[in-house]
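Right, one structure below, let's go through it.
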Amino acid sequence: MQDHKQRFLFPDSDIRGELVQLESSISRIIEGQNYPLPVQGLIGEAVAAVALLASTLKFKGRLALQAQGKGPVSLLLAECSHDGELRALARHSDGQDWSHGDIQTLIGEGTMVITITPDQGRQYQGIVPLSGDTLAQCLQGYFQQSEQLPTRLWLASGNNRAAGLLLQRLPNQLSTTDGNTQMWEHLEALASTLQMEELLNLDDQTILRRLFHDTPPQLPDAQPLRFGCTCSRERNRNALISLGNQELQQLLEEDGEVTLTCDFCRHQEHFDAVDLAEMLRESR
């Protein structure tokens, strides 16, 4: 299965949908990280979620979901770019009982931040409390508070796979309020019959045909999705320079070298004494 996102539209109504199915990018995100299984599941749901939400981007940029709380998972971060590059990470404590995988147990009391960062222009942030029992419920609260658009999400993750379904009612343009309300209630009821095992294991065409066989949606071309990281030697170099003269001098004198590891992709960049001395000169 190639990782992809499939948009679907219902003729003569102001309702749209997105279906995301991921495998290789999830495997790449979690490999070598030693995440407990419930944390892997939470990461998978978050990655599927940002892939769905990034469909709202009308410009070049990135969308990020960040959740922080007082539970054993102190940080959950997932990002998707306008062209379908995905990455994610989680920070968690050790020695925990990982038998429960709901968001309230894993992250606990906290907040979720959705950040939209255009390549050009001003950044936008929406902040909501982690008040739902699932990540999907928390995101539905975000849409209700920040976007004020009726939105339903279904997220599933397991066995190095993740998938998501989004259904959203847009402002009236193609139909009347009554017509859109009736169609929304009908489609929402149909989508609610979806089982998480079906979302994870069936192909998108089969899922959409089973759910909406009486109102077949239009299917534009699917968008491929893939793992991708924005780390680079230049960014790591700039991060070291930003430490300032004193810390750079200390690194040079005590260690003579430094290796930085990207938290997302585990790529390492090594800087030797010559590199550090050059950075020290630049920072003065």
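Just so it is clear, glycine is given a Cβ too, placed from its N, Cα and C backbone atoms.
For C229-C231, C262-C265, the entry in Swiss-Prot reads disulfide bond, with the evidence type sequence analysis.
Everything Swiss-Prot records as a feature, shown here on the structure.
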| residue | record | CB count, 10 Å |
| --- | --- | --- |
| C229 | disulfide bond | 17 |
| C231 | disulfide bond | 18 |
| C262 | disulfide bond | 17 |
| C265 | disulfide bond | 18 |
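Separating the Cα atoms of C265 (disulfide bond) and C231 (disulfide bond) is a whole-number distance of 8 Å. For C229 (disulfide bond) paired with C262 (disulfide bond), the C-alpha to C-alpha distance reads 9 Å. In this structure, the CA atom of C262 (disulfide bond) is 7 Å away from the CA atom of C231 (disulfide bond).
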